[in-house]
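Trainee: Encoded as structure tokens, here's the structure I'll be asking about.
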Amino acid sequence: MNRGPVDSTRVPRFAGPATFARLPRLDEVERADVAVVGVPFDTGVSYRPGARFGPAAVREASRLLRPYHPGLDVSPFERAQVVDAGDIAANPYDIGAAIEAIEGAADELDARLVTIGGDHTIALPLLRSVAKRHGPVALVHFDAHLDTWDTYFGAEYTHGTPFRRAVEEGILDTEALSHVGIRGPLYGKKDLEDDRRLGFGILTAADVLRRGLDEVIDVLRQRVGDRPMYVSVDIDVLDPAHAPGTGTPEAGGLTSRELLEILRGLAGCHLVGADVVEVAPAYDHAEITSVAASHVAYDLIGLLAIQEKRA
Ligand SMILES: N=C(N)NCCCC(=O)O
Ligand SMILES: [Zn+2]
Ligand SMILES: [Zn+2]
């Protein structure tokens with residue numbers, strides 16, 4: 001029997017420590033299938049800082065989650081042993097050391113990870129870790145931004161560059177790379193040419209509106225096929241109305257309803273790991289962003305859990 005969250009019908013949700021969804025800590029169980037892990041790191045940002053406080057805010061907002069997911073018809077915490085593995089200690093003064101620590105900690109965690117950031121820099125070491133287990137993976141990347149730029153101020157490892165580095169390192173399957181929710185001004189047309197050359201296909205925020213959810217889901221599923229798939233969700237894929245608490249907001253984004261529906265549309269794909277990044281609580285209001293991020297994480301856990309054999 002898997003150990004689930006604290007029972008909210010007996011202990012009020014607002015009481016006790018805020019592990020993700022009030023799940024047990026990793027050290028309280030014998031083994032874990034799925035681990036939620038925080039990476040409070042934001043030294044890679046190019047604009048507003050503050051995503052280092054993302055993991056704490058998302059855990060706090062996750063107190064209200066309930067144990068049954070009707071959209072996926074699964075009780076994820078029954079189907080899989082899901083735990084909160086705490087935070088990875090990442091050096092805030094040395095991006096290289098932080099990236100190494102994140103990769104090392106991810107390697108050591110013997111579970112499929114849903115990582116709460118932190119800025120988008122952290123996707124690179126997380127992808128390195130999944131690629132060690134699965135080889136180059138398919139990527140479904142939800143973001144307002146391409147994050148395939150080359151450098152910022154000469155720096156190669158930033159929150160705007162993880163996916164270019166990942167392609168260069170050969171840890172992504174370049175036949176199966178998608179961005180969803182892209183919008184907003186770029187530095188130049190070359191950004192799109194470079195991105196295409198790296199192998200990415202783009203479904204813009206306008207595509208989500210005009211082509212609709214079913215077609216977007218179809219395109220993504222076809223591109224992923226049966227490959228191992230990593231899902232990276234930059235919360236700024238949502239419109240600032242749905243996610244004000246983030247560092248590089250762009251107008252014209254997805255609703256949280258659209259994002260959650262697309263995620264559910266990936267049910268049955270071979271998800272091997274995921275992250276939710278760029279929640280910067282200082283710019284949030286009424287926990288709008290951290291509530292959205294906690295639901296995204298819950299859906300990702302649901303997608304991982306449905307791959308476990310029924311108990
Ligand atoms: N939010 C992420 N990951 N990247 C934004 C980089 C956009 C820029 O500074 O040009
Ligand atoms: Zn972004
Ligand atoms: Zn990003």
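For all residues, glycine too, the Cβ spot is worked out from N, Cα and C.
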Trainee: Among Asp27, Asp236, Asp239, which is the one TrEMBL gives for the Mn(2+) 1 site where His120, Asp143, His145, Asp147 also bind?
Mentor: Asp236
Trainee: Measuring CA to CA, name the entry from the binding-site residues His120, Asp143, His145 that ends up nearest Asp234 (Mn(2+) 2 binding site).
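Mentor: The smallest Cα gap between Asp234 (Mn(2+) 2 binding site) and any of the binding-site residues is with Asp143.
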Trainee: Tell me, if you would, which residue among His120, His145 (binding-site residues) has the fewest other CB atoms within 10 Å in the structure shown?
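Mentor: Result for the binding-site residues His120, His145: minimum number of other Cβ atoms within 10 Å at His145.
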Trainee: Would you identify the secondary structure of Asp236 (Mn(2+) 1 binding site) according to DSSP, in three states?
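Mentor: For Asp236 (Mn(2+) 1 binding site) - judged by DSSP and reduced to three states - the answer is helix.
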Trainee: Relative to the Cβ position of Asp234 (Mn(2+) 2 binding site), how many further Cβ atoms are located within 10 Å?
Mentor: 28
Trainee: Count the Cβ atoms, other than its own, that fall within 10 Å of the Cβ of Asp143 (Mn(2+) 1 binding site), considering every protein chain shown.
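Mentor: That number is 25.
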Trainee: So which other residues, same chain and not among His120, Asp143, His145, Asp147, Asp236, have a Cβ within 8 Å of the centroid of the Cβ atoms at the Mn(2+) 1 site?
Mentor: His141, Ala144, Leu146, His159, Gly160, Asp234, Val237, Thr248, Val277, Glu278
